[in-house]
Amino acid sequence: MKLCVALDLPSKEQNQNLADEIKIACKNSNISTQNIWLKVGLRSYIRDGGEPLKRLQDEGYKIFLDLKLYDIPNTMLDAIIECEKLAIDMLTIHASCGFKAMCMISEYLRNKQSNLLIVAVSVLTSFDEAGLYEVYGMGIKECVRKLATLAYRSGVDGLVCAINEITVIKEVAPSLLAITPGIRMQSLESMQINSRGINGSKDDQHRIATLQEAKKANSDLVVIGRPIYQASNRIHTLEMILQEIYQ
């Protein structure tokens, strides 16, 4: 299991400050930044463009561009071609874009011998059972299994899912990477998690889990944002997370 920190803060400067704090925590923990992934999402990428990605890459981080692309197959492929030029390490698409689109993407990258990993979003962690049924007419695990099967057959590298769905994905194909957001640090004193979320703020992720649960479930990459952002001492919190994952 490896760590991915989400850089989804309100400004480019705040994102860079967090990246600098991660570097300090890594140095204090004797861990190379080459073992750390940074996730850049829609807000940061739309606001800042691709320039910060190169700087973060130069600092040794692996870059996970979380755009969750979802369109018709040809448009999806055109977008992938442009994203691949950024020399990023991983990119998200929606598995719901369909088998044809995922096949076209996988075939293009395979023929190009690209190292870009494509991971497909299964069911967003903001969905609960009732909300998903309204949209797809099926339960979460049934939907994840269906999308995981399509993703595996198409040749993509992994899926984004909640901790509870890792077993479903690995049953479909053990080789699929399981990328898991919605991680909460209940054991850390700096985090106060309750029904309204961290520190009493509204939390729109319904299917969440602790870092310990992620480790037990054999997640390949845990994505952590809010527990770090809202910690009273971010470097100390990062050091505790690094120790839990890498030592």
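Cβ coordinates are placed from backbone N, Cα and C, and glycine is handled just like the others.
Annotation comment: TrEMBL describes Asp66, Lys68, Asp71 as active site, for OMPdecase activity. Under the heading substrate binding site, TrEMBL lists Asp8, Lys39, Thr125, Arg184, Gln205, Gly225, Arg226. The domain 'Orotidine 5'-phosphate decarboxylase' annotation in TrEMBL covers 2-241.
Here the features listed in TrEMBL are placed on the structure.
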residue: Asp8; record: substrate binding site; DSSP class: coil
residue: Lys39; record: substrate binding site; DSSP class: strand
residue: Asp66; record: active site, for OMPdecase activity; DSSP class: strand
residue: Asp71; record: active site, for OMPdecase activity; DSSP class: coil
residue: Thr125; record: substrate binding site; DSSP class: coil
residue: Arg184; record: substrate binding site; DSSP class: strand
residue: Gly225; record: substrate binding site; DSSP class: coil
As a test of the contact definition, list every same-chain residue at least 6 positions from Asp66 (active site, for OMPdecase activity) whose Cβ is closer than 8 Å to its Cβ.
Ala6, Lys39, Val40, Gly41, Leu42, Leu91, Thr92
Compile a sequence-ordered list of residues in the same chain as Asp8 (substrate binding site), six or more apart from it, whose Cβ lies below 8 A from its Cβ; state 'none' when nothing qualifies.
Asn15, Lys39, Gly41, Arg43, Ser44, Gly225
10 Å Cβ neighbour count around Arg226 (substrate binding site)?
22
Which of these recorded positions has the least crowded Cβ, counting other Cβ atoms within 10 Å: Lys39, Lys68, Arg184?
Lys68
Averaged over the domain 'Orotidine 5'-phosphate decarboxylase' (2-241), what pLDDT does the predicted model reach?
92
With every protein chain in view, what's the tally of Cβ atoms within 10 Å of the Cβ of Thr125 (substrate binding site), excluding that atom itself?
23
